[in-house]
Structures are given as C-alpha cells and as structure tokens.
Amino acid sequence: MKVISNFQNKKILILGLAKSGEAAAKLLTKLGALVTVNDSKPFDQNPAAQALLEEGIKVICGSHPVELLDENFEYMVKNPGIPYDNPMVKRALAKEIPILTEVELAYFVSEAPIIGITGSNGKTTTTTMIADVLNAGGQSALLSGNIGYPASKVVQKAIAGDTLVMELSSFQLVGVNAFRPHIAVITNLMPTHLDYHGSFEDYVAAKWMIQAQMTESDYLILNANQEISATLAKTTKATVIPFSTQKVVDGAYLNDGILYFKEQAIIAATDLGVPGSHNIENALATIAVAKLSGIADDIIAQCLSHFGGVKHRLQRVGQIKDITFYNDSKSTNILATQKALSGFDNSRLILIAGGLDRGNEFDDLVPDLLGLKQMIILGESAERMKRAANKAEVSYLEARNVAEATELAFKLAQTGDTILLSPANASWDMYPNFEVRGDEFLATFDCLRGDA
C-alpha cells in the first residue's frame, strides 16, 4: 500500500458503515485523517460502530443528522447504497465538499494494478473466474470490491506484484473521478437498478465510468452480442477487445462449439465446468483477460473446465446416486432463470422455482420450460408459476419451502437427472435474502447425502 499524505489531518465524514464504510474508516485513520463515521443503525445494535469507537474513531449513530455537516469536513466518503438525492449528500454537494467512493479511495493507495469487472449480470462469476485463472497461472490475484471483500481493506495488504480483481457495481462507479483500471470488463448491460439511477441512460453512464480515465495502453473488454457495445466502443480511449457467442470477432468468440481467442482454440463449450449460455460469455471475457495477462492456453482451459461456479450462482453442489444438484438461488428474475435453463437437457431436469410475487406473469419463461421433466413450485408467485407450467404442459408439485421442494425433487429424480433451484423470483416472501434461500437448498442436499 502506498502511504499518501493527501488525507493527513483532513476532517473526513464516512456516511454509512457496512463492510466498505468500516474498511474506509480504518484506512483513512491509518493515513492520518480525522475520521467521523455516521451510520443510521442505532449504536447498541451496531457492532461495527462499537469496534470503531474502541479504536478511537468518532461515531454518530441512529440517524443521518444534516446539521452534522455544519462541521468543516473536507471530504465525504459515501456508502455506495446511499443515493445522491439523500439529504446529507445533497447538503455536502451544496457545500462543495468532495464526495469520494470507497473504491476510488482504494485506487489512490493501491500499489497493485487493477482489473475491474462490471455489468448487469455475470459480474461475480466472471470476477471469480478471472482470479482463479490468474492464480492458476502463477500470478497473485486478490478478489475485492462488490464481491464481499472491500477494496479499501484488501488494498492495505496488496503489494506491487499482486493484481486486484475488483467487482464493481453501478453504485460504486457512479461517483468515481480518478479511478483507472488497467483492464476493464463490462459483461453486459440490461435495464436494472432504475429506481436508483432514474433511467437506463443514467445507469449505462454509471457503468461507463469504469473506463473514463483509461488510455490506449489499457484494455476494455466488451460484449459484442449487444448493439450498445459498438456505440460505446467509439467513445473510449482504451483499446477495445470484444467477445461474442454470435459471431467471429477480433478477440474472444464462440465458433462451432469452441471458445477461441484470435483464431487460437482454447476450450470446447461442453468442457466448461459450469453450464449455460451466459457462462460461455463469462468464460470468453475471462479468456480475454487471461490472454492479455500472459496466461498459457492449457492453464486457461484446465481452470475453466474445473470451475464449479460461485455459491448461489448456478453452483454445482454435487451428486447423490448420480443425481446432480445445482444451486442457482441468485436467479431472482425471469432472464436469469432462462439463462440457467439454457445449459441443461430439459427432459432430465427437475426445476424448483417460485418466490416473491411481484405481479409478473411468466409467459416469457414458457418456451424455456418446454419438455421439463417436472417442476416443484413454491412461494407467493405459485399461482402464476403454475399457469406458466400449464402453458408449457409441464407437470408440477407444490412445496411449502425450499427444503421440502428439494426433498420432493429427489424422490422424483432418477439416475442421470438434474435438480436445479433457479427460482426466477426474489426470496423475500419466505427468506431474508437469496443467500439464506440457497443455504437451505445446500443444507437439504447435505441431509439427503447423509441419508443416502
């Protein structure tokens, strides 16, 4: 970590804790800043704030009092989940207090080069794939960012010989000014988080900030399957490397079932460790990064063939009596489940789906359900899911929760079948988040394996 004097003796307000705020507070204190942390969670329910106070850092909890900004703060570091129309943020902007993001703070002190990955879908899987391939090739890749390891914490241990492989959300990118990765990946761009950004155009603009400071000596990897990529590519100074599953491009591409990089065959799609058309895209982006980083083809192929997925994201859990289980609890919308289904033989597949009822009809999912062996349906959206199953002429059973659904699926399954949890719905009708929902699937698998 570079020790810089930019923040020494500067009064800095950390707005919002969580993991990133806690890490930023500790980093800035180490750099000699005079830090105040403000978090909305009450102090007696806030172990992170309590720990910071014990370290001598000033904390103010329970609300975000606008009058706090009457103090002469020289910077604000904003939690990425707090929008720019928050009263505290608006007041800071009105007072012309510079607002930093936690990832940019990490960038300022990083000795290690950065590979940044953003996009609407596939960020976590692609980030993990890239780190795995780089490490398999003898490099030292450190996961950081939106993947659960705050960049401002990881950067404190990183040295010049490391590479920070950083997952970046639109929330983290919207406020960056100096941030410059050496390689950036945009997996795809879909209309998501519009409640935060206001419009698809503003959402894309936030994602596009990943390349704002890049030059021709840096590399930007874009999904050539999307028309928007061609438009965006004309506006960057970075060297663009495209990837595509639909056509041959001057980068990474799929052709006749083989993944290539610039005419060099790397791996067959059927040899990838994770199924689904979206994972072919993730693998192509990974191949592009790996080749730019000097990783040998055989190491790339071996690593991608053994990659078992990320927890809750089309994760291959294991087998019981030659019945394979996949945990895709992260699929909280129709598109994600469609992509998951694309990687399987429907005639040998039992799908567990359903969850929070957001008023969606599932007509778009019907073509992907055709030929399914069975569905197990659960949650508030069950009636709508049943209508989709009926239209696809797929038989189904109902379950009260994921555990019961998994047990039912296992009773119905035969040797060679696959059981897939891919709900196409959010979890909040029964579970606090998709992780808890997926953990119940994993726990049930462990019980079934123990009884087998």
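Here, residue 1 is simply the first one shown, and the rest follow in order.
Keep in mind that glycine also has a Cβ here, set from the backbone N, Cα and C atoms.
Sequence-distant neighbours of Asn121 (ATP binding site): residues of the same chain at least 6 apart with a C-beta under 8 Å from its C-beta are Thr187, Asn188, Met190, His278, Leu335, Ala336, Lys339. The annotation ATP binding site is assigned in Swiss-Prot to Gly119, Ser120, Asn121, Gly122, Lys123, Thr124, Thr125 on the grounds of sequence analysis.
The ATP site, placed at the center of the C-beta atoms of Gly119, Ser120, Asn121, Gly122, Lys123, Thr124, Thr125, has further neighbours from the same chain whose C-beta lies within 8 angstroms: Ile117, Thr126, Thr187, Asn188, Asn282. Its own atom aside, the Cβ of Thr124 (ATP binding site) has 23 Cβ atoms within 10 angstroms in the protein chains shown.
The Cβ neighbour count for Gly119 (ATP binding site), using a 10 Å radius and every protein chain shown, is 24. When the binding-site residues Ser120, Thr125 are compared by the number of other CB atoms within 10 angstroms of each CB, Ser120 has the fewest.
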